[in-house]
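This report refers to the structure that appears directly beneath it.
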Amino acid sequence: MLLRSRKTGGNAMPDQEISLPAKRNQRRWRMAFTAIYFTRVLVSLSKKVLDNQTRLLRSLSYVAIDVNSPRPIPGPFDGIDQKTLTEMVKKRSFESLQQLGGAKQVAAILLTDEKDGISGDEADLMHRREVFGANRHQKPPSKSFISFVFEAFKDTTIIILLVCAILSLGFGIKQHGPKDGWYDGGSIIVAIVLVIVVSSVSNFKQSKQFERLSDASSDIKVQVVRDGRHQPISIFDIVVGDIVSLKIGDQIPADGLFLYGYSLKVDESSITGESDHVEVNGTLNPFLISGTKVMDGFGSMLVTSVGMNTAWGEMMSSITRILEEQTPLQARLDKLASHIGRVGLSVAILVLAVLMIRYFTGSTRDENGKREYKGSKTRVSDIVNSVVEMIAAAVTILVVAIPEGLPLAVTLTLAYSMMRMIKDNAMVRKLSACETMGSATTICTDKTGTLTLNKMTVTEFWLGKELIKDDSSKAIEPEIFKLLQEGVALNTTGTVDTTHASSIPEISGSPTETAILSWAVFDLNMNINETKQNCEVIHVEAFNSEKKRSGILTRKIEDREFHTHWKGAAEMILALCSNYCVGSGALKGMNADDRLEFEKIIQCMAAKSLRCLAFAYKKVTHDNEEEVSKKLEEAELTLLGFVGLKDPCRPGVRTAVESCKNAGVNVKMITGDNLLTARSIAFECGILHPDDDIEKAVVEGSQFRNYSPEERMTRIEDIRVMARSSPFDKLLMVHCLKQKGHVVGVTGDGTNDAPALKEADIGLAMGIQGTEVAKESADIIILDDNFTSVVTVLRWGRSVSNNIQKFLQFQLTVNVAALAINFVAAVSFGNVPLTAVQLLWVNLVMDTLGALALATEQPTNDLMAKPPMGRSEPLITKIMWRNLIAQALYQLAVLLTLEFKANSIFGVNERIKNTIIFNTFVLCQVFNEFNARNMEKKNIFKGIHRNKLFIVIIGITIVLQVLMVELLTRFAGTERLNWGQWGACIGIAAVSWPIGFLAKCIPVSGKQLQNK
């Protein structure tokens, strides 16, 4: 620990005055002097040790005394207030900034160290949040549960039913008295309320899930400097005074001031609407606005305003992000539902007309066999009551016919899939992407970090033509070592932090930068920070996807010598070089033979799946210093050396690629690496096979770009790997694939990938290495940057469409059977066997509970054994029609038999007959739910144990059905059944299983279905 001496009360006494006090006082002064001197020596030594980053030797036992005073908690930040800071940045007021003394003085006022940032301890952070606020914006109030209830009440059919129920309730009480007269109308009201509550609870729950997803997508990681360390934190944890590191693709997390950086350009279109990029620097424009994006360069900013004190916060607080946008599948289902609704309306009107005609012609009879309508002898209240019951029955038929469960099923399966996909490392930003992914026919993937681990290490270093092995720093001449150290230390966006707590440097940055800095620090023993202190960076060209290199112009402080350093793709840098360094430190001119030899070295590294980078420099001489800094020298460079970086393939990626191929999905690798590296990795991942035609399967971006449009369209299907590609090449490939009719998924991580991510049917951004610009352009974010997660998204996408089709088949079966039995009964007998309450219960079983049971099935491996669905495949397939017709015909035959013959078969009265019909009808739907689980396979129980919700819902449905029949007889209009009658109902319903089994033996489209 640091030891600091305390100040003494006075100076040492002169010699002539020392003789006056007693000897005891002399000894005391000497001891005090010795203690002060010794303490100052300790302080001096400790500072030297820390400055030299030397490890302290520990004794076996020691006592350390920390005489540092604790870091004071900042006061009210004298000389500045939040309003001043907010207005200064919002209005871009140079005058206000000058009054405060500039950006560095503002940092000092905010108790922020320019290099080390704020302390970051909890007391300091809490105090800053209390004074300046937290980095969160106020959200508009979310929809309450009551609002969902009111929305459900707005449904026209529910309103008509409610009116009928109230009329029935009024006439019933008048006719039979309050004790018995409320049952019919009251039962309908209770059933309506039950349907509304269940529907509202489900919608409210999904709304909350969407809100949580929205919060998750807003929580981005930001790089800050605290207590001298670079560390990633949540955007919500940023406070005023923080120093934030910015690089290409970052979203600016708060309002602030530019501190230092190079070539920083910002896209402010989200705030100003202007598409031109704005340059930010310390002289002309030091203001950085929250919500804007960094498009070029890098730098650091001082946070001055957060949360609601920023323009972005004010704007976002008035915007509600709607995740419940209508997807293409929902639009198609709405159209289908409206067609079914029209059929249902026609049947309901027809049934009502038949019931009215039969009633007023005296054809209908009551339970005692007497005519219900006797002309003028019939009381008006009886007529009105009968008409109300007929209208209620017709409206209820309409309620059953309208498949309002379809939108609910889509919402449920999308919400369920989205929540489960987060656990599988995929976060959905656009709902439509879930279902579109199920139709994907081609996936264009990056290599680095997606197919590979993105954990790079330097495994080879070539100095000129010589491979440097162990003790590499000793094998390099001092002059070459210094130049290489400059190129590594200065031409980087990574950082090396050495904290007091640990002697091991902490290295941060991209995987490539981290690998090179780790190699330099740990293998070559380079002092990165000392090099930065000894040199001044004049100009920077950040890494560019087109040029595939980055460069700097630097000036040594001691001798004012200018050097240009370049780092990038080996063959690109080699093309700019005319000299090279040898092991002795001498420079040699590069002739054609030398160049050929260097190319072989690069090819040799690429064949070993190494990513090859080169370092080059040039000494710049110019009379006018201002002319030097305008542009970096790119000709006649001197090659310093090559490094080979190994990035191993991810475990399981070969299996994932094979899974895509089995599912009929093509995988194409698009990478910026050279052709040999790309080809080697493609073989390793299983994208290429030894028997493939390599000439057709592997191309370079420039080659693909230069094809004629006709040749490009001809070759596009054969291409598996595109090397040395630019973002434009990726966009061009996506465009061509879509023209060929493919549904394309594209992965991307860079800012320049945004156009391709937007153009693709499904844009997949990388969550770890992806920039915020890429994430904003994407539909789905892959949280672990793993290709296996891309395949998981594909499985879930297919599961969404499959689950919807299962529910659709189940619901249409119920619709057909319910409409047919009610229509036939109305025409034949003048009444319907299923009452309004019973039909509402069927509606609840069919819509809400059915949707919950079938829409939450997890994806199976069988889904990946089928070809993609395609864009134009109908919602109701031939397989669905086969299953639907088989079950509907069976149910119709059984129910009509019971309607006409149940009295004689069971020897029961009309009320028990109707109860048997109702019970059999509901149980048929329960058994048919099992059939709907798998539309093709005969084994309908496979994997049922994995969907516990399905089993629970089936159990709830059966329990409630027993209650409806046995206990709620007055409410449901039923009679209790004996064991024999229950057995008959269950037996009839259970025949649905063998019917489904036999139906699946019927081949569809000339193909025999699988029998597993």
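Placement of Cβ uses the backbone N, Cα and C atoms for every residue, glycine included.
Taken from TrEMBL, the feature domain 'Cation-transporting P-type ATPase N-terminal' applies to 96-173. Annotated transmembrane segment per TrEMBL: 152-173, 185-204, 340-360, 390-416, 812-830, 836-856, 949-973, 979-999, in sequence order.
Sequence-remote contacts of a segment are chain residues at least 6 beyond its ends whose Cβ falls under 8 Å from one of its Cβ atoms, and for the transmembrane segment (185-204) they are 143, 145, 148-149, 151-153, 158, 161-162, 164-172, 392, 408, 411-412, 836-837, 840-841, 843-844, 847-848, 852, 970-973. Sequence-distant neighbours of the transmembrane segment (152-173) (same chain, 6+ residues past either end, Cβ-Cβ under 8 Å): 180-186, 188-189, 192, 195-196, 199-200, 203, 381, 384-385, 388-389, 391-392, 395-396, 398-399, 402, 404, 836, 840. Per-residue pLDDT, averaged over the domain 'Cation-transporting P-type ATPase N-terminal' (96-173), rounds to 83.
Within the same chain, residues 340, 343-344, 347, 350-351, 354-355, 358-359, 363-364, 393, 397, 400-401, 403, 839, 842, 846, 876, 884, 887-888, 891-892, 895-896, 899-900, 917, 921, 924-925, 928 sit at least 6 positions outside the transmembrane segment (812-830) and bring their C-beta atoms closer than 8 Å to a C-beta of that stretch.
DSSP labels the residues of the domain 'Cation-transporting P-type ATPase N-terminal' (96-173) in these numbers: 50 helix, 3 strand, 25 coil.
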